[in-house]
Amino acid sequence: MDLIEVTEGRTTFRIPVQDPNSPFPPSSAPVFFNPKMAMNRDATVLLLSVLNPEEYLDTMGASGVRGLRVAGECRIPVVINDRDPAAADLIRANLAGAGLEGRVTVEDANVLLSRERFDAVDLDPFGSPAPFTDAACRSAKRYLFVTATDTAPLCGAHLKAGIRRYATKPLNTEYHAEVGLRILLGYVARTMVKYDRGLSPLFCFASAHFLRLHLQAEKGADAADRTVARLGFLYHCPSCPERTEEPGVLPHDHVCPRCGTTMLPIGPLWLGSLSDMALLDQMKERLPDLSLSTERRLGKLLDVLKVELPTSSHYDYHRIAKWIGGSPPAIDVVIARLIQTGYRASRAHYSGTALKTDAPLDAIAAALSAQ
């Protein structure tokens, strides 16, 4: 195969030449490499430079770039796997070319995950991670990282696929990115607790074309019970902006307290925090020390996540303003007004028009209408 040299972060590697006229790289490339996922990989390098696990598994290596970067930029022992022998040959060549050491395996991901355990396991499949989640939850000793690019099923745009893959009820709302992230996290949590293990989110976020989880696995039935307690449902009114969340593994009938419409259940999904605040501080401190091409974007992401409320939904600022009527002030003014009146309020990291708050609708209306 014809190869070209690429540098990402501090790592130089080779990838197959891809047809620039191809609508999507896998249709033309013998080994897949997606340059649009650079921020995803930068986030992994940044986080691992803080966590420093004993060993890291890149379960679906492809070109091997993620594992290569972890080995070279974090100095962490790596195992890079891909079931395609051509990909494995390229990974070995890239390791040798970069002067790095690492174990390369050529196996079905589920077979490898079922046979061996690793301190940190990273799932970055093409599409849904659902077929690999069970084995990954058993294989990960301390850390489990998951990428999902099947955002349409997770966010409710492809409802039946979301139900089939994740055994949950998504809904395509204005806060669909939040729903998708929490459904994915809830699915992994429900898988983990089957083995009397729990989890805690370390650094989870939604981007334009993927969802990314960085999780810490916890041992024991008590940890599993704490994890179950963080699962629940979001109830959405289809007739007005009212919504509410409720912990529990089974949905209940809810009637909108504002308009009397039967509310729609979303879930089960994860309720509560999506990140560890102390860890975000450590990552922000480490960020300037790494040569990351998406340093600025990551810095902004960390800043927003640090103050973002853990509510499981948001109000789209334009929609809520239209519902209330009038000409609203800037979103930051409304956030400040809500905070001044004793409520919590923030932006969301995945949308510039998202307003997150624990204030009731009447208080939001007052903040929007005040002169």
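Yeah, the Cβs are placed from backbone N, Cα and C, and that goes for glycine too.
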The S-adenosyl-L-methionine site in Swiss-Prot includes R41, D82, D108, A109. Which of R14, R66, R92, R138 is also listed there?
R66
About how far apart, in whole Å, are the alpha carbons (Cα) of R41 (S-adenosyl-L-methionine binding site) and C240 (Zn(2+) binding site)?
39
Which listed residue (C237, C240) has most other Cβ within 10 Å, given these are binding-site residues:
C237
Neighbours of the Zn(2+) site C237, C240, C256, C259: Cβ within 8 Å of the Cβ centroid, same chain, sequence order.
P238, S239, P241, E242, P257, R258, G260, T261, M263
Largest separation between Cα atoms (Å) of residues that the record links to S-adenosyl-L-methionine, namely R41, R66, D82, D108, A109:
22
